[in-house]
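Now, the feature entries from TrEMBL:
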{"type": "DOMAIN", "residues": "4-91", "note": "domain '2Fe-2S ferredoxin-type'"}
{"type": "BINDING", "residues": "Cys43, Cys48, Cys51, Cys73", "note": "[2Fe-2S] cluster 1 binding site"}
{"type": "BINDING", "residues": "Cys113, Cys116, Cys148, Cys150", "note": "[2Fe-2S] cluster 2 binding site"}
{"type": "DOMAIN", "residues": "250-435", "note": "domain 'FAD-binding PCMH-type'"}
{"type": "BINDING", "residues": "Leu278, Val279, Val280, Gly281, Asn282, Thr283, Glu284, Val285, Phe358, Asp381, Leu425, Lys443", "note": "FAD binding site"}
{"type": "BINDING", "residues": "Gln791, Phe822, Arg936, Ala1103", "note": "Mo-molybdopterin binding site"}
{"type": "BINDING", "residues": "Glu826, Arg904, Phe938, Thr1034", "note": "substrate binding site"}
Amino acid sequence: MASDELVFFVNGKKVVEKNVDPETTLLTYLRRKLGLCGTKLGCGEGGCGACTVMISKFDRSQKKTIHFSANACLFPICALHHVAVTTIEGIGSTKTRLHPVQERIAKSHGSQCGFCTPGIVMSMYTLLRNQPEPKMEAIEDAFQGNLCRCTGYRPILEGYRTFAKDGGCCGNKVNGLGCCMAGKQNNVGQGCCGEKVNGCCMNGKENNTGLISSELFNPSEFQPLDPTQEPIFPPELLTHTDQPQKQLCFKGERVMWFQPSSLKELLVLKAQYPTAKLVVGNTEVGIEMRLKNMLYPVIIAPTWIPEMNSVQHTEEGISFGASCTLSHMEEVLQKAVAHLPPYKSEVFQAVLEQLRWFAGPQIRNVAALGGNIMTASPISDLNPVFMASGSKLTLASNEGRRTIRMDETFFTGYRKTKLKPQEILLSVEIPFSRKGEYFSAFKQASRREDDIAIVTCGMRVLFQEGTDQVQDIKLSYGGMAPTTVLAVKTCQELIGREWREKLLQEACRLLAGEMNLSPSAPGGMVDFRRTLVLSFFFKFYLTVLQKLGRELNGNNNLADTVPARYASATQLFHKDPVKNVQFFQEVPPGQSVEDMVGRPLVHLSAAKQASGEAVYCDDIPHYENELYITLVTSTKAHAKIVSIDTTEAQNVPGFVCFVSAKDVPGSNVTGIANDETVFAKDTVTCVGHIIGGILADTQEHSRRAARAVKITYEDLTPIVTIEEAIEKQSFFELVRKIEKGNIQKGFEEADHIVEGEIYIGGQEHFYLESHCTIAVPKREDGEMELFVSTQNLTKTQEFVANALGVPSNRIVVRVKRMGGGFGGKETRNTILSTVVAVAADKTGRPVRCMLDRDEDMLISGGRHPFLGQYKVGFKKNGRITSLDVTYYSNGGNSVDLSHGVMDRALFHMDNSYNIPNIRGIGKVCRTNLSSNTAFRGFGGPQGMMVTECWISDIAMKCGLPAEEVRKLNLYNEGDLTHFNQKLEGFTLRRCWDECLANSDYHSRRKLIDEFNRKNRWKKRGMAIIPTKFGISFTVPFLNQAGALVHVYTDGSVLLTHGGTEMGQGLHTKMIQVASRTLGIPTSKIYISETSTNTVPNASPTAASVSADINGMAVLNACQTILKRLEPIKLAKPKGSWEDWVSAAYCDCVSLSATGFYR
């Protein structure tokens, strides 16, 4: 069967594709085929939103054009027939005009590294296409499927609040630049901070060195949103709406995709291909094929089948076609709830409550109701609801139709249902509830939004009319077995019982027995999951009890049986409106308008990032003859490599070669401590240890071939945890120790001594842009150019040169910008960069690799887990006399930066407290995990976490508020730290007192205590904790920086320094420094990139010190230029910058200078 033509539109331009591969996603097509690289790859599984685009199509069932956001990383290219796609490039650009959505996120400082920005912009754009004046809640909900690692979301929401009709403080401002509150009654002269003095209440404080402002941007300067100016839906596609659709078929290398146009065609196909997968949104199958190496040779897309998209209101409920998206179902149910009497919509409300936290909008907009059921996930959010409610399922095949109820027999095993191979799910009828019937659904996940469930449930109870006697009950759970299950025995036992406390006790006893889990159950958290089963029933019990009390008008004293303290357990979660403000100190009066130092200058790449024009490593156009490499990594934590078989891999189309340790022309030894290898040779020491790499013509072929490599191992005993390392004395050398005073004497002076320990888990890196390297061999003298997403150009250059056996001067490393770093790209990028360089050297061709998110997390390591064991002595009033603490960190399989992380933990073991007698010992455990590495805080957070643990112990032992113990022990001016630094110009106590006063801490604390007394289950908390952080590298020689400044004859300045841009605005700050020093506008200064051939031997961009040291180097270079220009400026004092530069050139004065700081 020949493939059909695929016709769709992208940004208003028609695309006709004659050779469609069903395995190709929209993201891959946009980036590779169309060169639209504004849409990013973040996670590849629909979880981060970096790949968000807007899909527009004419919906025949709704008879209108609809716009919705979707994840391009999962959206199949084959599903785009007669559909329009809008990407970030299609709504505005810096070359023409930014769209208001792009402009506002840029100018409100909502884009930092910028990698997530296109996805966030497209989510907001899609919302505005559907709701030009949304409410603030709708704006927040629109971002459920978008992650941002940099901003904390505050500036994003602050900028987009200006679109909301209920924008509040300060989206829709009145009285010019004042606060919106200023126009309200009883708020005359007041704003968000009460009584305003020169614009802010803070300006009335003593000791303020300058005016405090919160005016980061001026909304009145934003372009207005004009919905009439948006691109129209392509008229050509509207001409197809009245024409009958015809079945389509697309054939790829391994997969065939059918798009039937009628139910009859679908059933014929299902009979012909009984194992075929039905796909609507591809949100499950896409992940299985991409990440789980599953292959489905035949895929059938039923999205055009009218019967599978219809919604019918019946006598018993509402019937949804199985292809209806979750968003469409949500919309229909919301309307039904609004119009039906409450007793009839109990099930609908439960479904809506589950949908509130079901993935993000991008997933809900494409995922089908039928797919959710037929996936048969044991942790499905909705299946327990359908099972408990007894929803009807209509099944169809060539043999006819049948209707069944979803009950305990529907799921026959893990990911299996009772449907016959040739049957399809046609529709789902969700029933109305009846009088005397109550329904609830609950879900617990690690986080509330866009996360998979740990345990989920649906619960229904029907009472005999006018009583509290149970007539029927259904309790269904997900996450407690390989399938969604019904607690059949418990339900049978509860029928006929009265809804009283005795029933609660009996139900908990029965559920604990019936919903059991073995200690080795997949998913872990066994005790927690068993507890959730009972917790959910308790919430259901109280909720029903409360409703019964109202329904029965106080009969049987039911109304009084839910104590007021327990009522919070019945409340559904509601988000409070977002409130935020950021204060900053204004520049001194008289500062030049062109001097941007101290002003809230917008990130210089923000507009490019918001329009998708900013170029990241993988956005660089592909080179001719370029190859892609996929890493082959260990599946064992500790083992000997017996054999490597690439025979099967060589049969994959596009295969070029396998690269391994024998192909390294220089040294295979690498790493900060020379204790790692470019490729594992004989032994692997962690899961994810790089053994080799497959080079192929495309990423897809490379991936397939890498999975086909067969490796045989001989297992060795691994060490995984800190406890195992302690038991086996598996440590890296160099035990760290800091000691001050006499700890024994301190313990003797103490009234109390407390001992304890705290375990602090690790944390995965989640920079939105994963590790990426492009290596381009230059074909002469061993030269190679590398484009790398790294914070550390010097080590990347050094390690690549070492692996290739050439001097560092043959290797040029370039970094334009990174999509986040956070320490994860300080050293660990080198394990990828060296591999890619060796591959490029072997083949003599450019080689590219951008790790998938699962590969990145597997290979790159993260924050160090810590175990802190402490003994602390203190007086009755909480004054600390002595501390003895030992830190153990899990370093993984190599040293990397683990000793530096431990050093910083020891430097922070006092936090902000003066401890006269103190000893800290730090040991780094050698384990068989991927080497842990730098991560925001670099050991400081772990060190302080242990400190605050024993501070809490002291407070509890002394019966004192924790804040009193903290304040009593704070450092004072002139004190010496445990590493003998004298504290001078020390403002900690002032900060402490101001924070207490400005936050109204004590009054709020009383209100919190009162709330907690009144609420048994819902609690509030508040704490004040001092925090210190020591900036700069603990290795002194790294605190150096270089800069290079070129001034061109037209007066423009090209600035280069040793720091890298990863979203923190370092380049923006350096331009501010150069602008002030040279006395010219920032518009005349440009930074192109960071590279090793302009500034050599640069320190990593890390340790919270890059702006300081690079800024001083830039200052030094600019001062050199100014000194050379001095005679010319004296001769022409009224000349312009351009005049002086031109004269200097004519006088043969060098207009290039290096700068250095140490």
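Backbone N, Cα and C atoms are what each Cβ position is placed from, and that goes for glycine too.
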Length of the line joining the Cα atoms of Gln791 (Mo-molybdopterin binding site) and Glu826 (substrate binding site), in Å: 5
Using C-alpha positions only, work out which of the binding-site residues Cys113, Cys116, Leu278, Leu425 is nearest to Cys51 ([2Fe-2S] cluster 1 binding site). Cys116
Where does the mean pLDDT land for the domain '2Fe-2S ferredoxin-type' (4-91)? 96
Considering only the binding-site residues Cys113, Cys148, Cys150, Leu425, Arg904, which fall within 10 Å of Phe822 (Mo-molybdopterin binding site) when distances are taken between Cα atoms? Cys150
With an 8 Å cut-off on Cβ distance to the Cys43, Cys48, Cys51, Cys73 Cβ center, who else from the chain surrounds the [2Fe-2S] cluster 1 site? Leu27, Lys40, Leu41, Gly42, Gly44, Glu45, Gly46, Gly47, Gly49, Ala50, Asn71, Gly119, Arg853
Largest tally of Cβ atoms lying within 10 Å of a Cβ, found at which of the binding-site residues Phe358, Phe822, Phe938: Phe938
Reported as an integer number of Å, what is the Cα distance between Cys73 ([2Fe-2S] cluster 1 binding site) and Cys113 ([2Fe-2S] cluster 2 binding site)? 20
Hey, of Cys43, Cys113, Cys116, Cys148, Cys150, which of those binding-site residues are within 10 Å of Phe358 (FAD binding site), Cα to Cα? none
Rank aside, I only need the closest one: which of the binding-site residues Asn282, Arg904, Phe938 has its C-alpha nearest to that of Cys113 ([2Fe-2S] cluster 2 binding site)? Phe938
Please compare the binding-site residues Cys43, Cys48, Cys51 by how many other CB atoms fall within 10 Å of each one's CB, and tell me which has the fewest. Cys43
Counting other CB atoms within 10 A of each CB, which of the binding-site residues Arg904, Arg936 comes out lowest? Arg936
For the binding-site residues Glu284, Glu826, which one has the sparsest Cβ surroundings, going by other Cβ atoms within 10 Å? Glu284
Thr1034 (substrate binding site) to Glu284 (FAD binding site) - Cα separation in whole Å: 47
Closest by Cα to Asn282 (FAD binding site), out of the binding-site residues Cys116, Arg936, Phe938, is Cys116
Between C-alpha atoms, which of these binding-site residues comes nearest to Val280 (FAD binding site): Cys150, Glu826, Phe938, Ala1103? Cys150
Shell list ([2Fe-2S] cluster 2; ref centroid = CB of Cys113, Cys116, Cys148, Cys150; cutoff 8 A): Ser111, Gln112, Gly114, Phe115, Thr117, Leu147, Arg149, Thr151, Leu768, Gly819, Gly820, Gly1063
Arg936 (Mo-molybdopterin binding site): which of the binding-site residues Cys43, Cys48, Cys116, Cys148, Leu278 is the nearest Cα neighbour? Cys148
Which residues, same chain and not among Gln791, Phe822, Arg936, Ala1103, have a CB within 8 angstroms of the centroid of the CB atoms at the recorded Mo-molybdopterin site? Gly821, Gly823, Gly824, Glu826, Ala934, Phe935, Phe938, Thr1101, Ala1102, Ser1104
Here the 10 Å Cβ neighbour count for Asn282 (FAD binding site) comes out at 30
